[in-house]
Amino acid sequence: MAAYRADDEYDYLFKVVLIGDSGVGKSNLLSRFTRNEFSLESKSTIGVEFATRSIHVDDKIVKAQIWDTAGQERYRAITSAYYRGAVGALLVYDVTRHVTFENVERWLKELRDHTDANIVIMFVGNKADLRHLRAVSTEDAKAFAERENTFFMETSALESMNVENAFTEVLSQIYRVVSRKALDIGDDPAALPKGQTINVGSKDDVSAVKKVGCCSN
């Protein structure tokens with residue numbers, strides 16, 4: 001039980017959702033970040049799945065509760081409960097399948113319809129290790145991210161490329177917005193109740209953060 005107690009020591013709890021077409025590698029991104037595991041035999045997720053991991057941002061412990069779409073995206077059955085309370089999202093496409101890139105606009109609309117307008121979004125081009133099969137250029141994806149005012153990275157869950165960076169960037173940006181908002185109203189950010197749904201502030205707060213931008217390495 002000690003391990004469970006240790007895992008509960010955190011200053012913030014942020015809910016982050018993974019969205020995107022089936023087969024783009026969402027579950028492997030989740031397992032790579034939370035358990036440093038990758039499965040070549042990965043089957044479509046069935047049933048609700050989420051995992052947690054805590055990271056340090058400044059001198060605070062930020063715990064991420066990361067939700068996987070559980071295969072429901074194949075049936076267009078993702079419910080509003082999946083999105084409820086999310087303050088961050090990774091919108092994933094497969095760089096080798098152009099149709100998954102074409103569908104991100106629909107995913108983004110659904111995400112924004114069901115979440116706070118200021119949610120921190122990372123646009124993720126996964127399977128970047130399959131260079132010889134690339135069907136979506138980095139430039140096209142960057143242009144989309146800039147147009148939609150989101151962050152962007154290309155990742156490889158297989159090679160563990162940028163997976164850590166993508167998740168930690170989202171969590172760090174959420175933390176910065178929440179911290180700045182707390183300072184503006186004179187609150188101690190650490191005093192916010194654990195598990196509270198975090199309102200990530202006014203539109204100006206997040207657009208100012210997002211202008212910093214982020215791109216693939």
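Heads up, the Cβ atoms here are built off N, Cα and C, so glycines get one too.
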Stated Swiss-Prot location of motif 'Effector region', expressed as one of 42-50, 51-59, 186-194: 42-50
Candidates Ala128, Ala157: member of the binding-site residues with the richest Cβ shell (10 Å): Ala157
